[in-house]
């Protein structure tokens, strides 16, 4: 028990620093090519903070831990809104521009409901994975075209950084993500078997929290710096990428079975959190501290219910 726990912690640390390196390299490469802050926030930051989920899920799929892979995505999306935005709002209320209700948040809700609908067949098939990736590509192209129309000429910082340095950051970061993810998956599966806990429960709680740490770091730092749009944008972008890219790629590697509890409880809770975020922003154009408390309490109740299930 001691060694798997130590292995999990080491893997988590490597995963976190790998994500940090990868994210810095990705942001610098985007700036090098003159991409606007909007596209950086919704794509580079969103993808960068979703990279741990992608690494863990692919490692889980190749190791045959399909329950962990599904639980990781659903649990991460719940944690992103309930825990991460909740904590960020506790640090400082987050004023949010209403315009994100026109596209980003509705897309997040739409892909969440689409996943729940497709899961009714009790499996996320390779065809479903291809569908998710097709939607992801279409969404990415739309964001890229939109960003070109509102390109910021002042977004030229870091353009003096050597492309070789950027490539090195991306390579080191990606290596850390892959190795850290492998350590985490192996440790989580070992602990689950020793304690008699299902891989799905481990995935939806412990692993999901671990892979959501980059989002937590980004959102809390953004809250301290009064960058509310970055905090909310990171979470919304990450949730979209988790379903379309992470789950899409994972289900192409291997079809993912969906358990009854995932279908009847976990996915509805994920959809409920997504809808709650829409209502909160629509109501007062901000995520208040009270809303943050409610989001954190909702996440705590979700985790408690998962723990009680294992008793």
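For all residues, glycine too, the Cβ spot is worked out from N, Cα and C.
Annotated features, as they stand in TrEMBL:
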type     : residues : note
TRANSMEM : 6-23     : transmembrane segment
DOMAIN   : 7-144    : domain 'Sodium/calcium exchanger membrane region'
TRANSMEM : 30-49    : transmembrane segment
TRANSMEM : 69-91    : transmembrane segment
TRANSMEM : 103-121  : transmembrane segment
TRANSMEM : 127-145  : transmembrane segment
TRANSMEM : 166-189  : transmembrane segment
DOMAIN   : 167-307  : domain 'Sodium/calcium exchanger membrane region'
TRANSMEM : 201-224  : transmembrane segment
TRANSMEM : 231-253  : transmembrane segment
TRANSMEM : 265-283  : transmembrane segment
TRANSMEM : 290-308  : transmembrane segment
Query raised in the report: Using DSSP, what's the helix, strand and coil tally for the domain 'Sodium/calcium exchanger membrane region' (7-144)?
Result: 119 helix, 4 strand, 15 coil
Requested in this report: Sort out the residues at least 6 away from either end of the transmembrane segment (290-308), same chain, that have Cβ-Cβ distances under 8 Å to it, and list them.
Outcome: 78-79, 81-83, 85-90, 93, 201, 204-205, 265, 269, 273, 276, 280
Query raised in the report: So what's near the transmembrane segment (103-121) in sequence-distant terms, Cβ-Cβ under 8 Å and 6+ beyond its ends?
Result: 42, 77, 128, 131-132, 135, 139, 233, 236-237, 239-240, 243-244, 247, 258, 262-263, 267-268, 270-271, 274-275, 277-278, 281
Query raised in the report: Which residues of the same chain, at least 6 past either end of the transmembrane segment (231-253), have a Cβ under 8 Å from a Cβ in it?
Result: 41-43, 45-47, 49-50, 53-54, 57-58, 60-62, 69-70, 73, 76-77, 80-81, 84-85, 88, 94, 96, 100, 104-105, 107-108, 111-112, 114-115, 124-126, 128-133, 135-136, 139, 215, 218-220, 222-223, 274, 277, 281, 287
Requested in this report: Please work out whether the transmembrane segment (265-283) lies in contact with the transmembrane segment (69-91), by counting C-beta pairs under 8 angstroms that are 6 or more apart in sequence and asking whether there are at least 3.
Outcome: yes
Query raised in the report: Cβ under 8 Å to the transmembrane segment (127-145), counting only same-chain residues 6 or more beyond its ends: which ones?
Result: 38-39, 42-43, 107, 111, 118, 240-241, 243-245, 247-252
Query raised in the report: Residues sitting near the transmembrane segment (6-23): Cβ under 8 Å, six or more positions beyond its termini, same chain?
Result: 44-45, 48-49, 51-52, 55-56, 169-170, 172-184, 186-188, 190-191, 206, 210-211, 213-214, 217
Report summary line: Per the Cβ under 8 Å criterion, with at least 6 residues separating them from its ends, the transmembrane segment (166-189) contacts 4-5, 7-8, 10-26, 28-29, 32, 51-52, 54-56, 58-60, 63, 65, 68, 199, 202-203, 206-207, 210
